[in-house]
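Chemist: Pasting a structure below so you can have a look.
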């Protein structure tokens with residue numbers, strides 16, 4: 001029989017005394033070099049350097065009042081004893097983040113150079129007066145704090161088990177490292193979300209590695225930095241409880257009560273509980289004497305249902321529908337009787353034009369609707385809780401990493417879509433965990449594309465200055481185009497095709513081809529929304545009549561993006577509850 005011709009470098013073998021082949025050092029060196037090269041090719045360092053250049057260029061750009069918020073917190077934590085941090089109210093920008101973030105601000109205040117302090121950076125005043133030194137310093141702290149995010153992203157790639165998994169995770173983590181949401185919110189608007197989402201990703205990666213104690217630790221730390229992540233807490237709680245603290249095993253030789261007692265792994269529960277409690281003691285212990293004031297700062301319940309700019313959720317559509325019904329009632333006489341009969345509202349309230357202009361714009365205080373029933377905090381809480389519980393049931397039955405990230409995503413969806421006084425920036429709670437899943441199956445691409453296009457697009461009104469318009473639009477569109485194609489290169493093909501599954505397949509094949517095209521058309525039409533609203537902003541100062549419709553462009557953004565995000569939620573829910581193949585634990 002003829003020997004097969006070698007087509008590449010073969011391992012070098014030498015004979016050992018016992019007659020067995022032995023791999024030489026040359027082979028080991030070659031293998032090690034190949035592995036090292038593969039690992040280095042998935043480094044995020046070059047992406048960090050590229051993004052760093054852009055972020056530095058944004059130093060002198062627009063910043064929101066959040067900049068002065070954090071400047072005031074630097075001053076409070078630097079100049080006052082810890083007992084007064086949550087009491088001081090010289091400025092309206094009072095400290096209203098959990099203690100770990102206050103400690104973080106204190107550490108930053110210790111790094112303030114003298115010339116920056118002399119610029120007004122550490123002055124406790126009602127209205128801050130500062131110049132470029134303060135701006136440069138605070139901008140730089142955001143970049144430095146974001147190293148936590150890049151460390152977490154690189155850790156996710158590094159700990160991926162196979163080369164194909166590394167490749168998929170590299171695309172996913174690169175998309176998060178270059179996220180338009182972080183550019184707009186952190187590096188223009190001004191916040192520290194990058195660091196916080198880095199901690200969240202460390203928690204998620206610990207769950208993937210089945211490091212349950214580490215997962216609980218990181219999430220506890222995260223809650224002590226920013227309490228908005230309480231929205232994700234149910235998924236983390238169920239995952240740790242079911243995966244680490246409960247063991248369903250029935251011993252027929254033992255009685256009922258002993259078996260029930262043995263369901264709980266008490267040692268694991270004690271270890272996990274000790275870590276969580278210790279983190280919260282370290283965070284809140286020094287504020288024991290001012291806990292009531294601290295809690296009232298963290299959870300102010302006097303705010304309205306919607307924010308000044310309606311977050312693109314269910315309540316944006318609800319508010320829009322109320323405005324439409326008001327116009328129908330006023331313009332179409334035949335509609336008055338059926339509307340009064342169905343909704344039982346006071347028609348005299350529609351005569352107050354001043355109230356009509358302000359009632360549903362999300363101004364702090366109680367929000368009233370004129371025709372539709374008013375929404376209470378209790379109702380929003382119950383709706384959020386209901387949809388979160390629905391997501392937690394499959395996680396409790398199947399406490400795997402994939403189910404965990406899916407449940408995190410749905411908990412983020414539920415809180416964003418149904419929560420009380422939701423900020424548009426909270427859409428990142430949904431985007432970040434879902435990004436880690438999207439390359440898992442091509443069917444996830446359709447809801448993901450809807451989510452990121454409408455989610456990131458809904459952030460555009462945050463940056464309303466002309467100088468930054470080109471940056472926010474061009475950067476976001478460039479990001480979307482790059483990762484639209486890159487995700488398609490690495491996404492895993494669907495193992496099964498559910499015809500009529502309520503969403504597309506992500507590749508325009510099978511039963512979802514029509515819905516895929518509808519989604520793509522919807523995303524393309526968002527360009528029209530951007531153009532119309534931009535022209536409105538451009539000409540409203542030239543034509544005074546347009547100033548009567550000041551809220552119109554914000555409403556267009558909110559409602560259009562809300563429809564897309566709600567649709568992406570519906571598609572993701574279908575896959576989460578129906579398509580079990582996506583959630584299997586194979587690599």
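Every residue gets a Cβ built from N, Cα and C, even glycine.
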Chemist: Kindly point out the range from 299-321, 322-344, 345-367 that Swiss-Prot annotates with transmembrane segment.
Modeler: 299-321
Chemist: In Swiss-Prot, is residue 410 on the same membrane side as residue 107?
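Modeler: Swiss-Prot topology: residue 107, residue 410 on one side of the membrane.
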Chemist: Under 8 angstroms, Cβ to Cβ: which one of 170-192, 221-241, 444-464, 467-487 has the largest number of such pairs with the transmembrane segment (416-436)?
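Modeler: It is 444-464 that shares the most Cβ pairs under 8 Å with the transmembrane segment (416-436).
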Chemist: Within the topological domain 'Lumenal' (242-274), count helix residues (DSSP H, G, I), strand residues (E, B) and coil residues, in that order.
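Modeler: Across the topological domain 'Lumenal' (242-274), the residues distribute as 21 helix, 2 strand, 10 coil.
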Chemist: Quick one: do the transmembrane segment (444-464) and the transmembrane segment (140-160) have at least 3 Cβ pairs under 8 Å, skipping pairs fewer than 6 apart in sequence?
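Modeler: No; fewer than 3 Cβ pairs under 8 Å.
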Chemist: Report the listed stretch (170-192, 221-241, 467-487, 519-539) having the maximum count of Cβ pairs within less than 8 Å of the transmembrane segment (379-399).
Modeler: 221-241
Chemist: Are there 3 or more C-beta pairs under 8 Å linking the transmembrane segment (519-539) with the transmembrane segment (170-192), counting only pairs at least 6 apart in sequence?
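Modeler: When sequence-distant Cβ pairs are counted, the transmembrane segment (519-539) does not touch the transmembrane segment (170-192), since fewer than 3 lie under 8 Å.
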Chemist: To the transmembrane segment (467-487), which of 42-62, 140-160, 519-539 is linked by the most Cβ pairs under 8 Å?
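Modeler: Maximum Cβ contact count belongs to 42-62.
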